Amino acid sequence: DTPAAWLALYFAFNLGLTLYNKGVLVKFPFPYTLTAVHALCGSIGCWIALELGYFKPQPLTRAEAITLGAFSVLYTVNIAVSNISLHLVTVPFHQVVRAATPLFTIALGATLLPNRGPPSKLKLMSLLPVVAGVGFATYGDYYFTAWGLFLTLLGTFLAACKTIVTNLLQSPPPHVAKLGKLAKLSGTTFHAPQLHPLDLLLRMSPLAFIQCVVYAYLSGELERVRAFGATEMTRGRATALLFNGVIAFGLNVVSFTANKRTGPLTMTVAANVKQVLTIVLAVMIFDLTITPTNLLGIVLTLAGGGWYGAIEYGEKKRKSRA
């Protein structure tokens with residue numbers, strides 16, 4: 001039950017789900033419906049955990065309930081913007097821009113969480129090989145449109161927001177009593193309950209499920225799913241979807257817990273390292289080829305991620321001694 005252990009679980013579940021999603025989406029090409037399945041499995045999993053006594057829901061004030069509702073919208077919009085932008089830019093370009101998420105996280109953290117202080121210079125330096133490494137590792141066709149660039153940048157910003165807010169919703173009250181410019185801009189006090197990861201997931205999943213179903217309906221995807229279910233759905237594919245949802249539930253639990261234990265910046269760096277590890281596993285599993293440039297990017301990202309981890313561990317060790 002250490003931050004390193006939860007990060008290791010995060011990598012395992014995230015890599016597994018990413019590669020499994022690739023296989024599932026080939027035969028079930030409905031990303032928003034698949035996300036709705038993930039949210040439904042998350043809801044069911046949390047209800048079972050609640051019945052078994054693994055956690056106790058925390059009473060919420062009206063303001064805290066509104067905060068969670070707003071976060072659920074952020075969660076769903078983040079997925080929608082990311083998927084839409086993928087249709088307007090190439091995958092390598094999308095990955096390179098998303099690699100800048102740690103930089104957005106630092107800027108947002110300095111604005112919203114001034115009491116936590118800026119990251120050290122060594123941490124900032126360790127981000128350079130991570131971001132550059134993702135660029136080299138995904139080097140290829142960098143085609144994009146102006147609207148696609150805007151949406152990709154917006155998705156990166158939203159991803160950083162989601163990571164920070166996830167951490168806030170699970171942080172002790174002293175860390176979220178004041179949020180500087182955010183409170184001044186909104187004219188209100190930010191209400192962030194200190195929730196157990198399963199409690200947060202229990203409240204988020206049903207809202208995310210409803211929003212994903214609504215978006216799938218508005219985009220016409222639900223009609224295609226209905227036709228697919230009537231003609232091509234088999235017991236094997238239904239079982240694969242269910243198992244995919246179970247893995248997604250595990251990833252959400254692990255991701256929320258790891259975020260609480262390590263912090264938003266560490267999670268964004270971990271996400272970048274995960275992207276490169278996904279490339280490595282994809283090469284091994286699907287017998288793909290990589291160029292020397294791609295290999296350089298993989299090495300840079302892994303080295304930068306390891307460097308960041310060593311700095312983070314050293315700083316926490318010094319703080320605990322102090």
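Please read every residue number as a count from 1 along the shown chain.
Glycine is treated like the rest: Cβ placed from N, Cα and C.
As written in TrEMBL, here are the features:
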DOMAIN    6-306  domain 'Sugar phosphate transporter'
TRANSMEM  30-54  transmembrane segment
TRANSMEM  66-89  transmembrane segment
TRANSMEM  95-113  transmembrane segment
TRANSMEM  122-140  transmembrane segment
TRANSMEM  146-169  transmembrane segment
TRANSMEM  200-218  transmembrane segment
TRANSMEM  238-258  transmembrane segment
TRANSMEM  292-311  transmembrane segment
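Long-range contacts of the transmembrane segment (292-311) within the same chain, counting only residues at least 6 positions beyond its ends with a Cβ under 8 Å from a Cβ of the stretch, are 120, 122-123, 126-130, 132-139, 266, 269-270, 272-273, 275-277, 279-280. Between the transmembrane segment (238-258) and the transmembrane segment (122-140) there are fewer than 3 Cβ pairs closer than 8 Å, counting only pairs 6 or more residues apart in sequence, which means the two stretches are not in contact. Per-residue pLDDT, averaged over the domain 'Sugar phosphate transporter' (6-306), rounds to 76.
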